[in-house]
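This report concerns only the one structure given below.
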Amino acid sequence: MSPEKKSQNFPPITECRDGEYDSIAADLDGTLLLSRSSFPYFMLVAVEAGSLLRGLILLLSLPFVIISYLFVSESLGIQILIFISFAGLKIRDIELVSRAVLPRFYAADVRKDSFEVFDKCKRKVVVTANPIVMVEAFVKDYLGGDKVLGTEIEVNPKTNRATGFVKKPGVLVGDLKRLAILKEFGNESPDLGLGDRTSDHDFMSLCKKGYMVHATKSATTIPKERLKNRIVFHDGRLAQRPTPLNAIITYLWLPFGFILSIIRVYFNLPLPERFVRYTYEMLGIHLTIRGHRPPPPSPGTLGNLYVLNHRTALDPIIVAIALGRKICCVTYSVSRLSLMLSPIPAVALTRDRATDAANMRKLLEKGDLVICPEGTTCREEYLLRFSALFAELSDRIVPVAMNCKQGMFNGTTVRGVKFWDPYFFFMNPRPSYEATFLDRLPEEMTVNGGGKTPIEVANYVQKVIGAVLGFECTELTRKDKYLLLGGNDGKVESINNTKK
């Protein structure tokens, strides 16, 4: 490979013909991704690994970043983004956000024509000015990349926190990208080079063929199904991609949204459930109820066991509102404060199978009971594996399909403080909830009446709920979710130890 090879004019990606290519070196922002700006992803790191205040500081610094980028150097502009977003953060928190938050937003921004070229190559290398720690998980797990050549951030070895500065040779732009390709490939030139700006010409000139990825209105993103892995789990409070405009709107709405969420929570708290359905609409919360709602149990008979898929912590409350009466629910983890503020009785499970079964049978003797056998929430259109314990408790099983829409904030979290979940949900300008009551399980599909095994009943309930919602049923569990998003097994003790 000749380091003296001059830069040249490269043809557009549309002229790249199908062929056998062993290796490729491609830029990320504006090349494999539709957007040329990495600001939204730095904003996500600043907010989700840091705080809303850090995100605000980053947003206010954007004019200075743009001026530095355009009139001083590309390197300086990116260095400012890195310093404000990363300085003082634990490297573990940055890694978790890169694995749990960023992939969902990156996945929605993958450019179709460049990814199709990238995907056909055997050896795939991404060369980017972004910090490696920020993009490596997505590139390898979802784009199928083999290596990421990017900017390395400096970490204080004593505290394991990012200093905000970068390691030598600095931010990977221009000639530094060329040197990184030389070091990675040696004398064997990459077959293809893809870039979107003139500063990419340095490394593209080393490739046997190079193509420019121009910003065009006709450019489209690929369906998420085309990625190497599906995105089932993700974390983070921000529901929409924080472009500068979205970020400004979010911060302007934040104080009003917080006040509105307090009103929405505490105004409805003392009201009877049969009235709350109407006050929700008054306060901008859209509630849709479908299906036949069973009447309360007769004295001396067991209550109905309402089996729900789990979208947010509000699921049991929405069912109580739909029924127009108080019903008890069981939950896997709940704070004392949340128990005090809950408008319906809530009982924490012990995770001891025999103890939990005995407690739930006692609750059913007193009346109706709500349970979410997935054990944790799932934001995407998937259902996790249903724990079969509920099928052993009663034959009076009523499946309920739950769904909700959140435009600005997510009302669930893995790494954050769960107490704030309902408040973030109600901070959305126009949140909506849907509850669809299905027919009670026929006797032949129960354990006692039909001779089915608990697992068969659980799988059947998962299937009928999934069919109504159009969700895919999976074998994934709470443990799978927390291992991916939080780096622990999902047990309360493990979660607390991780946060220390």
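The count begins at 1 with the first shown residue.
In case you wondered, yes, glycine gets a Cβ from its N, Cα and C as well.
The motif 'HXXXXD motif' annotation in Swiss-Prot falls on one of the ranges 310-315, 364-369, 484-489, namely 310-315. The list of residues near the motif 'HXXXXD motif' (310-315) in space but at least 6 beyond its ends in sequence, with Cβ under 8 angstroms from a Cβ of it, reads 331, 338, 370, 372, 374-379, 384, 402-404, 411-412, 418, 421-422, 425, 433.
Same-chain residues lying 6+ beyond the ends of the transmembrane segment (42-62) with a Cβ under 8 Å from its Cβ atoms: 80-82, 84-86, 88-90, 93-94, 96-98, 101-102, 105, 134, 235-238, 242, 244, 247-248, 251, 254, 415. Mapped onto DSSP classes, the motif 'HXXXXD motif' (310-315) shows 1 helix, 0 strand, 5 coil.
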